[in-house]
Amino acid sequence: WCSTCLDLACGASRECYDPCFKAFGRAHGKCMNNKCRCYT
C-alpha cells in the first residue's frame, strides 16, 4: 500500500486519471495490480 494509491479497482491506467484528479489534483496515474496508483 502507498500514500498515493486509491482503493479502486481498475483495468486500464486511463480509468485512474479522473479519480486521481479528484483525490490529488493531478489527473496522472497508472493501474497497478488492479488498483490505481496516482502520481503527485
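The count begins at 1 with the first shown residue.
Glycine is treated like the rest: Cβ placed from N, Cα and C.
Features of the protein shown, as given by Swiss-Prot:
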- C2-C5: disulfide bond (DISULFID)
- C10-C31: disulfide bond (DISULFID)
- C16-C36: disulfide bond (DISULFID)
- C20-C38: disulfide bond (DISULFID)
- K30: site 'Basic residue of the functional dyad' (SITE)
- Y39: site 'Aromatic residue of the functional dyad' (SITE)
Legend entry - Inter-residue Cα distance where the pair is C16 (disulfide bond) and C31 (disulfide bond), in Å: 7
Inset, instruction - Can you tell me which disulfide-bonded residues out of C2, C10, C16, C36, C38 are within 10 A of K30 (site 'Basic residue of the functional dyad') by Cα, answering none if there aren't any? - result: C10, C16, C36, C38
Inset, instruction - Report the member of C2, C5, C10, C20, C31 (the disulfide-bonded residues) whose C-beta atom has the most other C-beta atoms within 10 angstroms. - result: C20
Legend entry - Nonlocal residues around C16 (disulfide bond), in sequence order (Cβ under 8 Å, 6 or more apart): L6, L8, C10, G29, K30, C31, C36, R37, C38
Inset, instruction - Could you measure between C5 (disulfide bond) and Y39 (site 'Aromatic residue of the functional dyad') for me? Cα positions, answer in whole angstrom. - result: 9
Inset, instruction - May I ask for the distance between C2 (disulfide bond) and C20 (disulfide bond), taken between their Cα atoms and rounded to an integer number of Å? - result: 14
